[in-house]
Amino acid sequence: MAAQSFLSESLLGWSIFTFILLVILAFCWVYIRKFQSRQESEVVSTITAICALAIALITSALLPVDIFLVSFMKYPNGTYKEWAANNETRGQIEDTVLYGYYTLYSFILFCVFLWIPFVYFYYEERDDDNVNKCSQVKNALKYTIGFAIVCVVLLLIGAFVPLEAPPGQNSTQWEKVQYLFEELGSSHGLPALSFSISSLTLIGMLAVITYTAYGMSVLPLNLIKGTRSVVYERLENTEDIDDVEHQIEKLKSKCNDGRPLSSRDRHNLQELEGKLQVLRRKGRHLEIAERNCCTKVGSALRPFKILLGIFFILVALLFTVALFISNLDKALHSAGISSGFIIFGTNLTNPLNELLLALQPVFPLDYILITVITMYFVVTSMAGIRNMGIWFFWIRLYKIRPKKTRPQALLFLCMILLLIVLHTSYMIYSLAPQYVMYGSQKYLVQSQMPSAGPTSGNATLGTTRICDAEAPEDQCTVTRSYLFLHKFWFFSTIYYFGNWAFIGAFLIGLVVSCCRGKKSVIEGEVEADDSDLSDDEYVH
């Protein structure tokens, strides 16, 4: 009976995960096909982008499953269920989740250091003239080897950094070497993988501060403000075309008597002709947008978009407040930098953590909420990248535009999302630390009470408490995600300061988004560096 219950409950958790997996794969295919350029699309880059994006989203979906499985081992009264009463059975469940993290994190390392760099440099070499396939592959492998070396170095550093006190000075060299290998084997390679992932998470933290913080402000405000009127934009564009044509005729009239134009006038004429070309393309796109049924449906759904935008901005403010309280709690009650600002449980009232704990009795509301929070970070990150484009410091590398995004830009987009997802787990832990550590687990505390009956003695009274750091080790199971996040204290310290930077970046992005006007209905479709041929995919 216990074994049957164990199988059914495990099957429920992994069935939900499988359903989410299928939804993720469908979403990735639609998302990549929406943005990729029809003129430059390639099978290999498309498959790579879809797979990398799917791995990023699947990894983010594993955290709710991790919390679900550790929570489902217990009844609400704090006792273990029959199938989870055995330590060995609980260990098997924990190992299953741990191997899931191993697999997905290994895929992320493979994508970031091998697969995506190879495909990216392969298409970069293709842009050069007179380069055959063999040379493309050779040059791409040459650059990819550099990434592979970095990956190996990170794995070795993580594997051989002892987390416990090493042998004394009197030990022989062989004992010290043997200790290092025992340290590596006893943890099943967890430090090696954790160090590599934590190193990538630092880059992901920068991407979260840049893109996610901005996306959390720009996405809801764009929904609230909406887009400009198509009819008004067409009228304004027609006036601009007439004005530019008048300026061109005025310049050309200077050479009616046979005199050549000055270099300054020729330069101005060239700029005006380029501007006129862009305005005419813009007019064609606005005409298509006016006839498009999606534009009309969008106008009809305007009230719903406003409500959704208000909801998103309230969620963003809730996250910011929860993150601020969590960081303040760490600053006041942790041991400081040397401990990585790690605290067990919560000392200040965190609204999001309290909300998740309050939803525990109504299954499965708390798991739905933690899944929504995870996907919210991913969606806002996509919105941030979509609005900002891909930058390297002050240099804009690529733009992300519907039907016009180059293969290299899509690969960059997916790599950034992979890194963002890695840091998302720590962000969610910061928002609800107690819940991410233990889920909805409770434990039973036995206390002795004086007996009120005729017989003297003490009566044993059991009270239920929510799992925290004070709980006995065998009564509460920590999620595997928490172990990955806090294997090295110095990474936790950097993440702590990164959270303060995230709060600052969100507030700055909120001010910038409020000051900006409405977007064009064809935002991102027409740029000065586009060719007329790129309009063909819109016309047909």
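Every residue, even glycine, has its Cβ placed from backbone N, Cα and C.
Residues 46, 49-50, 53-54, 57-58, 61-62, 65, 68-69, 72, 371, 382, 410 of the same chain lie 6 or more positions beyond the ends of the transmembrane segment (12-32) yet place their CB under 8 Å from a CB of it. Sequence annotations record features per position, and here TrEMBL assigns transmembrane segment to 12-32 (among others).
Feature annotation from TrEMBL assigns transmembrane segment to 44-73 (among others). Beyond the ends of the transmembrane segment (44-73), by six or more residues, the same chain brings 9-10, 12-14, 16-17, 20-21, 24-25, 27-29, 31-33, 36, 80-81, 84, 90, 93-94, 96-97, 100-101, 104-105, 107-108, 111, 115-116, 119, 122-123, 360, 364, 367, 370-371, 374-375, 377-378, 407-408, 410-411, 413-415, 417-418, 420-422, 424-425, 428, 435-436, 438-441, 477-481 to within a C-beta distance below 8 angstroms of the stretch.
Counting only same-chain residues 6+ beyond the ends of the transmembrane segment (104-123), those with a CB under 8 A from a CB of the stretch are 42, 44-45, 48, 51-52, 55-56, 58-59, 62, 136-137, 139-141, 143-144, 147-148, 150-151, 193, 196-197, 200, 407-408, 411-412, 414-415, 418-419, 422, 484. The feature transmembrane segment is assigned by TrEMBL to 104-123 (among others).
Positions annotated as transmembrane segment by TrEMBL: 143-163 (among others).
Residues or ranges marked as transmembrane segment by TrEMBL: 192-214 (among others). Listed by sequence, the residues of this chain that lie at least six past the ends of the transmembrane segment (192-214) yet keep a Cβ under 8 A from its Cβ atoms are 102, 105-106, 108-109, 112, 151, 154-159, 161, 184, 377, 380-381, 384-385, 387-388, 391, 416, 418-424, 426-427, 483-484, 487-488, 491, 494-495, 498, 501-502, 505-506, 509, 512-513.
Annotation comment: TrEMBL describes 234-289 as coiled coil.
Annotated transmembrane segment per TrEMBL: 306-325 (among others), in sequence order.
Look at TrEMBL and you will find 367-397 (among others) tagged as transmembrane segment.
For the transmembrane segment (409-429), same-chain residues at least 6 beyond its ends with a Cβ under 8 Å from one of its own Cβ atoms are 32, 35-36, 45-46, 48-49, 52-53, 55-57, 59-60, 63, 108, 111-112, 116, 119-120, 197, 200-201, 203-205, 207-208, 211-212, 323, 370, 373-374, 377-378, 381-382, 385, 390, 397-400, 436-437, 481-482, 484-485, 495, 498-499, 502. Under the heading transmembrane segment, TrEMBL lists 409-429 (among others).
Per TrEMBL, transmembrane segment is recorded for 488-512 (among others).
Beyond the ends of the transmembrane segment (488-512), by six or more residues, the same chain brings 161, 191, 194-195, 198, 201-202, 205, 208-210, 212-214, 216-218, 221, 316, 320, 323-324, 326-327, 330, 337-342, 423, 426-427, 430 to within a C-beta distance below 8 angstroms of the stretch.
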